[in-house]
Amino acid sequence: MEKGFEVGGGAMDDDGAGEWVNDSSVDHGGRPPFRAATGSWKAAMFIILIEFSERLSYFGIATSLMIYLTKVLQEELKVAAKNANYWMSVTTLMPLLGGFVADGYLGRFSTVVFSTIIYLLGLMVLATTQLAPKLKPEHSLHLHETLFFVGIYLVSVGTGGHKPALESFGADQFDESHPSERVQKMSFFNWWNCALCAGVLLGVTVIVYAQESVGWGAASVVLAAVMGASLVVFLAGWRFYRYRVSEGSPLTPLLQVVVAALRKRRLQLPADAGELYEVKPQNIKKRLLCHTEQLRFLDKAAIVEHGGAEARGPWRLATVTQVEETKLVLAMVPIWVATLAFGMAAAQVSTFFIKQGSVMDRRLGPHFVLPPASVFALSAIAMIATVALYDKVLVPYLRRATGGERGLSILKRIGVGMGVAVAAMAVAALVERRRLRSPAPAAVHVSWLVPQFVLMGVADGFALVGLQEYFYDQVPDSMRSLGIGIYLSVVGAGSFLSSLAITAADKASSRSGRASWFAKDLNHSRLDLFYWVLACIGAVNLAFYMVVATRYSYKTVKGAARVGVDKTAAGDIECADAAAY
């Protein structure tokens, strides 16, 4: 490794940052990490591999779930759709609990290991259920169904710890205070999602084909074997990782700010925000945040009172950074709400979109019939292409045009994806209506679904990746696993709302003896009208999102380059007004 120059007795590398990482992370021995030997892409590749394996397993199950529920477990269309949505809701809401445990208690590395073991147990239950003769559906449908749901919900629990801890652990391998690693971190989420989509692609093609041709049990055995092998590889990289030491509940400091502000609600805020309490940078490794003018009431928690030790207790006095972290979390609530409609649209890809493909002509040549769930590959391919083009073409162009490191701000990226999702729902409605009006709906070729799958893949490439980066980057540093859990909860809550929308539309459409939009036979259903409802909800919600996003202020770190916003010049800043949408 090339040596840099010495500054103040500490070796500096070519980027002007120390050879030792000083961002509160530690190496496997609990020491400050040596930059050349730990972190960055050398560590991230081990982590990305196990994410590939998890997505392979998840989508191998998720995209075939509707087919399994309707064909093997013999459930009605609307019951199967609700069960699939409920499972996806639980799977994507569990990371809130998993992220909390990872940040506050177990640590991200340990959480990944334990949750992967639970995930493996779920896969083995599924394999046993599908291979053991006395547990097969033809022998005892009720017992098989019970064990099947036990297996997939064990997968949910495993995903709950795996997803938030692993993604935040991967992003932790890049030091935001280091110029080159900061830029690498911006690309990390893009390439993370490329690996994710590669797992999705194999899951909905190779695994789904194995399910259709060889058997569900054999496919589950393959998934368990791949997951087990990836866990071994993940553990093999332990010497290269940078670790974060858990510091207890990440929610406690936020609650302390609220309590302290309420206690001092009658005090007058000082005219100069510099009089508010803050620790000195040299006394703490934690990054300090700049003061903002939003939610000024919370600033009262940082007013210094005259008195003894009691007046400076954690439930009476908070730092400006603690106050700003609380503001960040509260400011995320309207953004989270405004993205739920996107989660509702995303839920259709692995439920009704797949079910549509199952009742259409799926012949590709004279000897091959495409498995219904494999149609999902179109969305995965579109997302990979979108992310690659975005990272390699669009971002460099926007960097040159704007002078900003990120190119397109995070919230703008999310907004573009939400707009594309609205278009996808409208296209899906038009395609389904045209299919139903054809003389033989079942004879319509599955290629008609290409536009809606591709559009949702493009929407994911903008919105999903943007949501990941937003909820990781904008939460307090101690809450980053929980932040990934919050991102996943958008999809989970969207799936749950989709189930409620199905129930409401079913009741409303079947009043006065009329036929429901969701009949037992998809060719007698009216999915096109349901898609129009989702498109209208998405369009109205997009307008709401734009209002919320334009009023949002990004996190600004003292003495650090502002990477969360578009900026006109690179370099360090002390404190400035945060940019908006």
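Note that Cβ sites are derived from N, Cα and C of the backbone, with glycine treated the same way.
The annotation transmembrane segment is assigned in TrEMBL to 112-132 (among others).
According to TrEMBL, the feature transmembrane segment maps to 188-210 (among others). Residues of the same chain lying 6 or more positions beyond the ends of the transmembrane segment (188-210) and with a Cβ under 8 Å from any Cβ of it are 44, 48-49, 51-60, 63-64, 167, 170-171, 174, 218-219, 222-223, 371, 373-377, 380-381, 383-384, 387-388, 390-391, 461, 464-465, 468-469, 472.
Per TrEMBL, the feature transmembrane segment maps to 216-238 (among others). Tertiary proximity for the transmembrane segment (216-238) is limited to same-chain residues at least six positions away from its ends with a CB under 8 Å from its CB atoms, namely 28, 43, 45-47, 49-50, 52-54, 56-57, 60-61, 68, 72, 109, 112-113, 116-117, 119-120, 123-124, 126-127, 129-131, 207-208, 210.
The transmembrane segment annotation in TrEMBL covers 328-349 (among others). Taking Cβ pairs closer than 8 Å, the transmembrane segment (328-349) reaches residues 85, 88, 254, 294-295, 376, 379, 411, 414, 417-418, 421-422, 424-425, 428, 453, 456, 459-460, 463-464, 467, 470-471, 474-476, 479, 486, 489-495, 497-498, 501, 531, 534, 537-538, 541-542, 544-545, 548-549, 552-553, 555 in its own chain, all 6 or more past its ends.
The transmembrane segment feature in TrEMBL is assigned to 369-390 (among others). Packing against the transmembrane segment (369-390) from elsewhere in the chain are residues 59, 63-64, 67, 190-191, 193-194, 197-198, 200-201, 204-205, 208-209, 211-212, 349-350, 353-355, 357-358, 362-363, 446, 449-450, 453-458, 460-462, 464-465: each is 6 or more residues past its ends and has a CB under 8 Å from a CB in it.
Sequence-distant contacts of the transmembrane segment (410-431), counting only residues of its own chain at least 6 positions beyond either end whose CB sits under 8 Å from a CB of the stretch, comprise 335, 339, 341-342, 345-346, 348, 353, 448-449, 451-452, 455-456, 458-467, 469-470, 473-474, 527-529, 531-532, 534-535, 538-539, 541-542, 545-546, 549, 552, 554, 564, 581. Residues or ranges marked as transmembrane segment in TrEMBL: 410-431 (among others).
Annotation comment: TrEMBL describes 451-472 (among others) as transmembrane segment.
What TrEMBL records for 484-505 (among others) is transmembrane segment.
Sequence-distant contacts of the transmembrane segment (529-548), counting only residues of its own chain at least 6 positions beyond either end whose CB sits under 8 Å from a CB of the stretch, comprise 334-335, 338-342, 344-345, 348, 352, 414-415, 418-419, 421-422, 425-426, 428-429, 432, 501-502, 505, 509, 517-518, 581. Per TrEMBL, the feature transmembrane segment maps to 529-548 (among others).
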